[in-house]
Structures are given as C-alpha cells and as structure tokens.
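Colleague: Below are the structure tokens for one structure; questions will follow.
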C-alpha cells in the first residue's frame, strides 16, 4: 500500500487529478463549478480561499524546507555564492517574458492587451517543482536550482502585482508587514531558546506572519517562507536535499516528515480550485501569454544563467548547461500567480478569461521539458 501511495506522489497524480476534474467540471457545468469554488460557506471562507491561502501555506513551507536544506553546508546551493546563478536566472526569467509579450503585442497592434505584460513573469512553484522532479529525479541539483528560482520568481511576481496592478478596493498596507517581521523575531527567539518542537514556530511565528501578509493585502500563503529558515536543523551528510535521513529528529526535519505527504496529496485541492477554465475562452492574449512563458522563460533563464557564469558565479555542482536549458523550459509553467495577475490586469471578463487560458496552456512547458530531457539524455538522480 505504501509503495502505491509513493508512486502516486512520485507522478503527481493527486495534482493532475485535481486539474482534470476542474477542467471537466468548469466546461460541463461552469455555474456549478464557480459556485462550489467561490461561494462562502462559513463567514468569508470559501473552498478557493482554503485551498489557496491556507493549504498552500503548507506547500510553500515545505518548499522553504528544501531551500533551507540546499543552502546548508554540503547542500546543492552552498556556499551561498552558488545561489547567485539561480537568482540571475530569476532575473532573466522575469525580463524575458516581459520583452517577448510586449514585442509580440506591438506586432499584433492591440494596445488594450498591453497591460497583460506581468502575467507571464512568475513560475508556478507547485507544478514546476513537481515537473522538475519527474525530469531530473528528486536528488538532482537542478531541482533545488529551479525551486529557488521559482520562489524568487513568485516573490517578484507578487511585487509586480502590488506595484503595477493595485486593487483600488484593497491597496497594499505596508505597515502590517511589521507583524510578519514580528513573527520572524518570535521564530528566531524560539530557536535561541532551543525549542525542539516545530509547533511553536508554526503556530506563533507562522500565524503572525500569515496575518501580517493577509492584512497587508499580499499573498498570505507565503507566510512560512519567512519562518522555516529559523527552525533548528541538523547538517546532513548527503548533499541532496531529498535524501531521507531517519536519524534527523530536528524540528526542520520533523516538519518536513510529518507534512510532506499531506501536501503531496492535498495538491488535488489546489488543482481543483485553480484549473477550472472554459476552453471557449481562447483569444489573442492566450497566445501572447503562452509564447511569452514558453520562449521568454527559456531564453531568459538560460541566457542569464550563462551570463552569471561569465561573471564568475557557477552553477550548482553536478548541473550541466543542458540541465539549465531544460530547467528554463520547465520554468515556463505559469499557473497560480499568472491566473491571479490575469484577474488584476484586465477588467474585461472576456480578455481576462482568455489570458487565464494562456496560463493554463503553459502546463505544456512541463511536457516539453520532459521530452527535451529525454532528447538531451538527462540523467535522473534519485
């Protein structure tokens, strides 16, 4: 039974199942799907809110664990100078899609679509990370490279939303970020006192961080990203972040061990809540978003990764140039933040729906990455 469950997790079956169910439901009964997804059932709580703002907090927390471990001595991104290359890739992965989008839009001559330039800037952490694990194997340094790139990418995406797509009804209230800072200080203090359970870090520091981001009108799902690095951890002998270490009983390892399975299967909820887009919505902006993600991300990440090398910032150990190219392709998977920006960039519901279709179609980047990985004979590392 455990073997079968691990197989489902390995091939991201829960997430794929959620996406498929949402697509069928939204196209067969769009009104019913929208009512299920967005209708509050207790106060302001809806299925969409629970999935995106509460459950995804755990997902980003697990992602933060992987980044923390990869930055430890012996990790794929240690010494920290090795993180400079993926951060360069992040910059290229933002600028590339923006330039491609604006360039293509200038060619088609539709000024009403110009405001969508921010849609293809972010990489979907959940889907890109899972696709990378399938392409490279969970122990490949390209996975932690792409994970760091995707997290930084989404941080830039959220900044773009706050700066360029403000909601007049819910403007950013920066003062509330002091509460997130307080949460970080609480987590730091718990670490100084050598608290050996992860629960106080999550319940105290995590709650403060979540409330601060929520009240600031930013994405509260990123709350644990600011808390996880403060959890006490043990240095691992293995340099691969996905290697299991049964002797590691540190708070960081316990959090990962106890919540990773929950997150892997809970991604069904994420797919169900976000993938309900009608196929009849396809329009010009669909292709602008899709091409910007597929081409802009690949060229930008690969080009800026090579530029970082020229400047003396090497890739992680064991990561070849062909791995960087494939990682750039996989990073073209735009989803969550792209869907969110689509709703902020356009007020016209027809254009908005078409833009969301482009974000949905970018799931093809994961498939293209897998095929390219086979063609380039990428060796999986488990």
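All positions are counted from 1 along the displayed chain.
Using N, Cα and C of the backbone, Cβ positions are placed for all residues, glycine too.
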Colleague: When you get a sec, could you say which of 197-214, 215-232 is annotated transmembrane segment by Swiss-Prot?
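Modeller: Here Swiss-Prot associates transmembrane segment with the stretch 197-214.
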Colleague: Sequence-remote contacts (6 or more beyond its ends) of the transmembrane segment (287-307), Cβ cut-off under 8 Å?
Modeller: 85-86, 88-101, 104-105, 108, 113, 116, 119-120, 123, 149, 315, 321, 324-325, 327-329, 331-334, 338, 342, 355, 358-359, 361-362, 364-365, 368
Colleague: Can you work out whether the transmembrane segment (145-165) touches the transmembrane segment (353-373), with the criterion being 3+ CB pairs under 8 Å where the paired residues are 6 or more apart along the chain?
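Modeller: No, these stretches are not in contact.
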Colleague: Is it true that the transmembrane segment (116-136) and the transmembrane segment (353-373) have 3 or more Cβ pairs under 8 Å, skipping pairs fewer than 6 apart in sequence?
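Modeller: In this chain the transmembrane segment (116-136) contacts the transmembrane segment (353-373) - 3 or more Cβ pairs sit under 8 Å.
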Colleague: Determine which residues of the chain contact the transmembrane segment (324-344) at the Cβ level, with the cut-off under 8 Å and only residues 6 or more beyond its ends counted.
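Modeller: Distal contacts: 52, 56, 89, 93, 116, 118-128, 131-132, 135-136, 142, 145-146, 149-150, 153-154, 157-158, 160-161, 165, 167, 270, 274, 289, 293-294, 296-302, 305-306, 315, 352, 355-356, 358-360, 362-363, 365-366, 368-369, 372-373, 376, 378.
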